[in-house]
Amino acid sequence: MRKILMSLLMAGSLLAGGIGAAMADDASSAPAAASAATASDTSASAAVASAPADASAAASAAAPASAAAAPAAPTAPFSVDSSKINSGDTAWMLTSTALVLFMTIPGLALFYGGMVRKKNVLATVMQSFAITALITVLWTVVGYSLAFTPGNGFIGGFSRVFLSGMNYIHGDKATTLTVSHLAQTIPESVYFVYQMTFAIITPALICGAFADRMKFSAMLVFMTLWSLIVYVPIAHMVWEPTGWLSSDGVLDFAGGTVVHINAGIAGLVSCLMLGKRVGYGREAMAPHNLVLTLIGGSMLWVGWFGFNAGSAVAADGRAGFAMLTTQVATACAALGWMFAEWIAKGKPSVLGIVSGAVAGLVAITPAAGFVGVAGALTIGVAAGVVCFWSATWLKHKLGYDDSLDAFGVHGVGGILGALLTGVFAVKDIGGVDGSLLLQAKGVAITLVYSGIVSFVLLKVIDLVIGLRVTEEEEREGLDVILHGEHVE
């Protein structure tokens, strides 16, 4: 464990200089980039705004002649007449927002809750619920502003702190609303809540890595700091057009890098820092209720259509195609994991096929709006087989206790999906061809930054209040010890 963490620290120190240089370079080049961004008409502007990862690529592809003739595309939230709001797009994004929130509560809560032992189920579902409330407040106060307003290559600005400057509907006769420059056909308030649901589920995913042994108080402090210091900068770098990775052309349609790699590596660092569960490898730690896990996994599958198809930020053909690729990849991954387990262990399991489906959902997330059906099929099968290997053989070979395979499924699945996006992205579908080298750059930067900062945060919290419950408390069960409740 020490060697792994020291390697991350060394890599982080090397990256620090690169981040500083990139931020300085972005600051000097921002005016030129802003003037180069164009939109030939209103529908083209909407297409550029339909996916944050696609915006910079579409702008750089504009012809010089049209760039000179057309007005520059907006680079910050702005006001529009309410008649410009597209009711169909707005209705779809309201639905997608509800679907993504549904993924966390109750989807992820039940998925994780069914996999832990009976004495820890309430503590596990409590984490997802508490994180939902906590991140809602943080995102409203400062998170959205730092992630989705222009700034430098690393972080945004403070123009939307406490949602300052955001115009809402005031009565029945409002004539102007603010819209995000990344979603120009829906009210900014809708885009704000949609992105909030992403910020909610990302830290909730990390909880699977340290299930059964982390203090509730330490978890709350860690998630607060991690969301502001890790999630927000990564989201800005990847999805905001002024961000470092976005301006370089790194593709992430719906969060393979921002959500899954980010949460996965933080989960790995967390489980290494806390150590193994008491009795791990010696005592049975079977899931207490796989029906809950199956129900939660099914909710994740359905909710993921809001995650991926919703990232088109419009009710259009691209959203429909993202839904198609999501379904195909998920089915292939579920079958891939099932058959891999069948071959390796002699029997397919419910936990296996559900885990395979989630692995496919994770892997197709960065690619959903960029790849064709063949790409989705390949990504799905690869995700099912590779994540089965990482969650079984690799975990036991390296000896870490990733309780619910947060890294094995989300980290590894996110890395695989991000890299294969560079292989299978098709210009005719997403407006840009993929680059394996650029995708690898995005993966590496996310792994190193999130890993290093997560380690530092956990180390500080451990020194101040402690991360882990005592051995006696762990054996008693977190439900009773932390919350004074238990499941009959």
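Here the Cβ of each residue, glycine as well, is placed from N, Cα and C on the backbone.
Annotation source TrEMBL lists domain 'Ammonium transporter AmtB-like' at 91-486. What TrEMBL records for 1-24 is signal peptide. Residues annotated as transmembrane segment in TrEMBL: 91-114, 121-142, 191-211, 218-239, 251-274, 286-307, 319-338, 350-368, 374-394, 406-426, 438-458.
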Subject >> Maximum Cβ pairs under 8 Å to the transmembrane segment (406-426) - stretch from the list 91-114, 121-142, 218-239, 251-274, 319-338 >> reply: 251-274
Original post:
What mean pLDDT score does the domain 'Ammonium transporter AmtB-like' (91-486) have in the model?
Top reply: 96
**OP:** State the residues, same chain only, that lie 6 or more residues beyond the ends of the transmembrane segment (350-368) and have a CB under 8 A from a CB inside it; answer 'none' if no residue qualifies.
**Re:** 53, 111, 115, 251-257, 259-260, 287, 290, 293-294, 297, 300-301, 304, 307-309, 311, 322, 325-326, 329-338, 341, 375-376, 379-380, 382-384, 387-388, 391, 405, 409-410, 413-414, 416-418, 420-421, 424-425
